[in-house]
Amino acid sequence: MKKTTLLVILDGWGYSDSDYFNAIKNANTPTWDSIWQEFPKTLINASSLEVGLPRSQMGNSEVGHVNIGCGRVVYQELTKIDKAIEEKTFGDNKAICAAIDNAIKNDSNLHLIGLLSPGGVHSHEEHIFEMIKIAKQKGIKRLYLHAFLDGRDTPPRSAEKSIKKADKLLQDLNLGYIASVCGRYYAMDRDNRWDRVEKAYNAIVNANADFIYDSALEALEQSYARDQSDEFVIPTCIKKDGHLVKVQDNDSVIFMNFRADRAREISHAFTDESFDHFPRKKHLNINFTTLTEYDSKLKCAVAFPPEQPINTLGEVLMKNHKTQLRIAETEKYPHVTFFFNGGREEQFEGEDRILIPSPKVATYDLQPEMSAPEVTDKLVAAINSGKYDCIVCNYANSDMVGHTGNYEAAMQAIEYLDKCIARLKDAILEHDGNMFITADHGNADMMVNPETQKPHTAHTTNLVPFIYVGHKKAQVALEHGKLSDIAPTLLNVMGIAQPKEMTGKTIFNFEK
């Protein structure tokens, strides 16, 4: 029987001494409290420069899992795109130039779609504004912005400022206008809720929506009047001078999100010839360009293609003939597979994967336990089987329930996770294995913004825990660690040499 090394990633579980609406600190967590007292622990960085993001930028699930799995600081798309804009090479990008040239050659429209937000998690509005300026410089006559609204990585009702900026820029350049708005709940689903994606797609492509208004600001105001915050704005079309905008053959569409997981579904609706998740009027003959690669199967141009890192944790385990398991529920499954493997879709030899479906509820505060019971059942069975040298799992609760802004539900989620951790601890210790518990970023550690006294639905920049649970004696060797130090630590406890590509350092020293 193999002695399993288990990495538990508690998504959105940040550390804060403050008890002000801190769902993690204020929840009843007897198992967590005892582990925190009994076993070696430290706090590590999961945001900003330490994970390859701009200074003070909060971390996120994609970035976190890439850094953990690669064992090095991986500079993120946000940083790369910011650099291209700063160095004035953004407008020279071949894919972007081809999309603009297509619209000019065909005297057709250029559509920009994406999350209009300063959040910096899935997109950044400054990238959209820069693209608008470049389009004007290169001779585009008609540009239409289809704005997805955030309210999740930003305050729930904060889109007005972004819409006003976009409106002013388009007006100043006499270039076009915001042609549709919708909450990211619809356009950026990642859990096969195609009914939501269909509403967003129809508003963008067919100008078919439940609501039509004269301006994006009016659409936002009316949405607030219906008590729908930014994230949940029902797809709405904007009518200017009696004209509704549709996406037509020979148009160019540039998707301005840089993060893949929530951009895939609607991209497939635009590009797949045999798409069958909902009816489309026709398969459009358009130039579809994405800022980064969302899915290798998508038929589209990519402005900033991925760089595939070598010797990630998964690859090193394979080369050392170790068996590994990745497990998560739907919401975080891409993170423990695709992102953890540095953007690689294919499984490594000896790598098994278990996907547990996320519950079909409108928002996860309605079911704070999500699919944690099923994830835990599978994990305990895998540990007991003695089949795996290394298991990587993700619990989505503290992030996904944290994003709802529901403090009571977030505490319930944390308390349920505490029960799950108790089961994992018992199984690991019984089989003389090793368990590491960490997080990819913070979230549920601040459920209300202390400055505004309003719900805080975004991630935090707080440090995250890193705990060792096992029978080995361990000492903290690195006081100021970061996510990229986790993989080297796992290799250390497993007795596997760290490859030179992994620049992280081991956080704990283990007695031989």
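From the backbone N, Cα and C atoms, a Cβ is placed for every residue, glycine too.
As the structure is a computational prediction, the values presented were derived from the model and not from experiment.
In the three-state DSSP assignment, the secondary structure recorded for Ser61 (active site, phosphoserine intermediate) is helix. The active site, phosphoserine intermediate annotation in Swiss-Prot covers Ser61, and the record cites sequence analysis as its basis.
Taken from Swiss-Prot, the feature Mn(2+) 2 binding site applies to Asp11, Ser61, Asp440, His441, supported by sequence analysis. Note on Ser61 (active site, phosphoserine intermediate): other Cβ atoms within 10 Å of its Cβ, all shown chains, come to 28.
A sphere of 10 angstroms centred on the C-beta of Asp153 (substrate binding site) encloses 21 other C-beta atoms. Residues or ranges marked as substrate binding site by Swiss-Prot on the basis of sequence analysis: His122, Arg152, Asp153, Arg184, Arg190, Arg259, Ala260, Asp261, Arg262, Lys332.
Among the features that Swiss-Prot reports, Mn(2+) 1 binding site is placed at Asp399, His403, His459, with the record citing sequence analysis. Neighbours of His403 (Mn(2+) 1 binding site), defined as other CB atoms within 10 A of its CB across all chains, total 23.
Asp440 (Mn(2+) 2 binding site): 32 other CB atoms within 10 A of its CB, across all protein chains. Taking His441 (Mn(2+) 2 binding site) as the reference point, the recorded positions whose C-alpha atoms are within 10 Å of its C-alpha, out of Ser61, Ala260, His459, are Ser61, His459.
Spatially, by CA atoms, the binding-site residues Asp11, His122, Arg190, Arg262 include one closest to Asp399 (Mn(2+) 1 binding site), and that is Asp11. Listed in sequence order, Leu115, Asp153, Arg184, Met188, Asn257, Phe258, Arg259, Arg262, Ala263 are the same-chain residues six or more apart from His122 (substrate binding site) with CB atoms under 8 A from its CB.
Neighbour counts were taken as the number of other C-beta atoms within 10 angstroms of each residue's C-beta; across the binding-site residues Arg190, Arg262, His441, His459, the minimum falls on Arg190. Cβ proximity to the Mn(2+) 2 site centre (mean Cβ of Asp11, Ser61, Asp440, His441, cutoff 8 Å) flags the following additional same-chain residues: Ile9, Gly12, Ala46, Gly59, Asn60, Gly64, His65, Lys332, His335, Asp399, Ala439, Asn443, His459. Distance between Cα atoms for His459 (Mn(2+) 1 binding site) and Arg190 (substrate binding site): 18 Å, as a whole number.
Rounded to a whole value, the Cα-Cα separation of Asp11 (Mn(2+) 2 binding site) and Ser61 (active site, phosphoserine intermediate) is 7 Å.
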